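Data block below; observations after.
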Amino acid sequence: GTIDERAINTKRLLNPWERNENHTLCLNSAKAIGCTVVNIGTQDFIEGRRHLVLGLISQIIKIQLLADLNLKKTPQLLELLDDSKDMEELMNLPPEKILLRWMNFHLKKSEYKRIVTNFSSDVKDAEAYAHLLNVLAPEYTNPSTLAVKNPFERAKLVLEHSDKMGCKRYLTARDIVEGSPNLNLAFVAHIFQHRNGLTDQTKQISLLQALPDDTEDSREERAFRLWINSLGNSTYINNVFEDLRNGWILLETLDKVSAGIVNWKIANKPPIKMPFKKVENCNQVVKIGKQLKFSLVNVAGNDIVQGNKKLILAYLWQLMRYNILQLLKNLRFHARGKEITDADILEWANSKVSSTGSQSSMNSFKDKSLSDGIFFLELLSSVQPRAVNWGLVTKGVTDEEKKMNASYIISIARKLGCSIFLLPEDITEVNQKMILTLTASIMSWFLKHPHEERTLGTSDSESGSQLETISNSTLDDFSSDSSVDENGNM
């Protein structure tokens, strides 16, 4: 699960601090599954602001309903392809488009002659639904459904058909005829989950298994996609390799990271039909990257337009890293503008852990000893002593124990207020980039709360009741001459 329940404050009576932590955990976890929460804060939950709370809940429901609409979860979707060459196109489609393609695939088997292109005007007469359900569950076909002339009456018969199939209702007949896009999308997604009508074809499944294993690239793509969506850009992205190719979202992201750096006068806003306009946007993306001192040797705007995966991932990592370091630099106001380096982050983390009397340390961000999670639990405990319940921590010896610790680390960090997008596997496998982002996020949280009083006795931890004030006078004690390169290597 996205949230490790061990991190939730579950006492019957929670104090305001503990309640706020639960709300913070909820919001940061929502970001981590792809929800847009730019305009929602913990206070909105506390005050019960209906439209904001319902908006978040609807996003969570939508993500859950569409979770299986990909080839990894449902390889039977390959049946939708006319040609094996279309597989990459299908893999790059957003879930809503795959759902429409699935719906039209089955409608071709019926007498329905139109193409459904949306979940609003195209389904409001309920005819497409009647044909779809007749194909998927012919045993419950009612001839009256298509014979009736009134769309509202037809919609009621469609819902009766879906009830007999065992599908829960997400909408009413009125929602169908009024063309409510979110509710109709939820209805079709639930039908897909319950009965997709696809078959397991050995030839197609073997074709999917023959694809190259790019698990690490997929995890990085996921992390960068969620990070970009969390910034509140105008367009929600479903796939970085496809959705960034016109350069516009990258320009928006650059402007979020470094306000004013984009020359919008020469930028081309979507929809962009002419290929050279996309190249112009991407050329500016590369130019700005060089201004920010990214390593972009032999990289051109056209590489992004062509969807070059390795180059796009490399660019996004440098952009995310730049954003992290700038945030830390701005928080460290007493550093007189001195740049924060990976070495500073590494040394800060080691200093915080050693200050508790622990012997744990990390030599670099790819130190294999980090896989058991103990160092990060000690780091979290050092910045917020009430954060970790050590009675719930494993020794981190077996793979299962390591994963349990990693899951706990991520939820505790989010509960404190860290906006992070890594998976437990990134910790257990010591993904160097994601380990850096985790450490930097904890450091960032600490610098935002320099003199905050942290009550230990109100937590679920085993510590006694006392009051501790933690100061942020740690960073200036560090030497920036440490022999660690920008990737955290010794």
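From the backbone N, Cα and C atoms, a Cβ is placed for every residue, glycine too.
Automatic, uncurated: that is what TrEMBL annotation is.
TrEMBL lists 1-65 (among others) with the feature domain 'Calponin-homology (CH)'.
The annotation domain 'Calponin-homology (CH)' is assigned in TrEMBL to 93-196 (among others).
Per TrEMBL, the feature domain 'Calponin-homology (CH)' maps to 218-324 (among others).
Predicted-model confidence for the domain 'Calponin-homology (CH)' (339-447) is 97, expressed as mean pLDDT. Under the heading domain 'Calponin-homology (CH)', TrEMBL lists 339-447 (among others).
TrEMBL lists 454-490 with the feature region 'Disordered'.
Per TrEMBL, the feature compositional bias 'Polar residues' maps to 456-490.
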Review point. By DSSP, how many residues in the domain 'Calponin-homology (CH)' (1-65) are helix, how many strand, and how many coil?
Key: 41 helix, 0 strand, 24 coil
Check your understanding: How do the residues of the domain 'Calponin-homology (CH)' (218-324) split into helix, strand and coil according to DSSP?
Key -> 68 helix, 0 strand, 39 coil
**Study point:** Helix-strand-coil residue split for the domain 'Calponin-homology (CH)' (93-196), DSSP-based
**Key:** 64 helix, 0 strand, 40 coil
